[in-house]
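Everything on this sheet refers to the single structure shown next.
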């Protein structure tokens, strides 16, 4: 099932549990605005090449729309739509005053030079600058984009609108980025895991972890789990996978990857098949890569007792049912990976105030938001006798529906 169908299905289930009026249900499902633009740039050799860029602005009932921009060959309207909708529910679950958006350009950033990426980013910004804004829609980095991409967007946007540091989050620190933003999604995943495990009388230091994806989110999560005494027994990324039943030395593994660009040939563990990380013997599985990695083919073989969804939509609905029957507890993506957007919110607040926080304050506030959101989510589970995924969806959808009704959407 593709990401949009799965997201819509979860939304409809939450709407049913909440007893939403069918008219407001339909209104919440339809995006506020969908943008599709052509981005033509000269390549370094002088030839012209065209790419298609998208921005889906899903909902603004609770505040400016917020969401990443990804550069990936598989960016398509359905995926962008699903991720924009997930951002609407995610910001509501985290209780930050934003709605959801998502954008992307269908390209392979690895095939483009730095100057080509800059030209592409600037052309994309020129095409959408009048549709984004500090109080309208605030982009952020996502797959295939980074702080440098945000710096180019900030610069190009400022040519039209004057100096506007709050137009994007995830910027370089020198341009008004927030301390702690780079680690925020991974750190939020760890705070979410701690909140869940505490409910079950467990702590990170007593458990084993398997992490699929060793990019920004996975490597920070692994590092923080390692620091807290948890054993990371298996890790994978697109270059390969490595395991060690006694726990991998994560700082050494990070140095090895930095040096060689790959996880293979790491002498502190044994090589393994990348797909096996998902079904490896562990207490907690953390998928941090692409969506749809847990499906009906492999869900029956998952041996973890807990799954913390650090990626967006890593579990297909069919896998969800199989895992639930097995008694696996799944902490859903719209809560578990909300650390990134929460610290993006802190960055936006700092930019608007022109007053920056120290890293300790950022991390302290992040922990407060993640812990509070978990307890709110649990309350919804108890009120509606539902699992954690529906607890998160009912929490998010209910908040957005309430804001929509209070604004007088029928007027």
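Including glycine, each Cβ sits where the backbone N, Cα and C put it.
Keep in mind it's a predicted model, so treat the numbers as computed, not measured.
According to TrEMBL, the protein carries these features:
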| type | residues | note |
| --- | --- | --- |
| BINDING | 66, 90, 344 | substrate binding site |
| ACT_SITE | 102 | active site, proton donor |
| SITE | 142 | site 'Important for catalysis' |
| BINDING | 185, 216 | NAD(+) binding site |
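Structure coloured by features recorded in TrEMBL.
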{"residue": "66", "record": "substrate binding site", "Cβ within 10 Å": "29"}
{"residue": "90", "record": "substrate binding site", "Cβ within 10 Å": "29"}
{"residue": "102", "record": "active site, proton donor", "Cβ within 10 Å": "31"}
{"residue": "142", "record": "site 'Important for catalysis'", "Cβ within 10 Å": "22"}
{"residue": "185", "record": "NAD(+) binding site", "Cβ within 10 Å": "24"}
{"residue": "216", "record": "NAD(+) binding site", "Cβ within 10 Å": "18"}
{"residue": "344", "record": "substrate binding site", "Cβ within 10 Å": "27"}
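For the substrate site listed in the record, the two most distant Cα atoms among 66, 90, 344 lie 13 Å apart. Geometry remark: residue 90 (substrate binding site) versus residue 216 (NAD(+) binding site), CA distance 20 Å. When the recorded positions 102, 142, 185 are compared by Cα distance to residue 66 (substrate binding site), the shortest distance belongs to 102. Other than 66, 90, 344, the residues of this chain whose Cβ falls within 8 Å of the Cβ centroid of the substrate site are, in sequence order, 67, 87, 91, 94, 96, 98, 100, 140, 338, 340, 341, 342, 345. Comparing CA positions across the recorded positions 102, 142, 185, 216, the one lying closest to residue 344 (substrate binding site) turns out to be 185. Ranked by CA distance from residue 102 (active site, proton donor), the recorded positions 142, 185, 216 have 142 at the top as the closest.
A Cα-Cα distance of 10 Å separates residue 216 (NAD(+) binding site) from residue 142 (site 'Important for catalysis'). Taking the C-alpha positions, the distance from residue 185 (NAD(+) binding site) to residue 142 (site 'Important for catalysis') comes to 11 Å.
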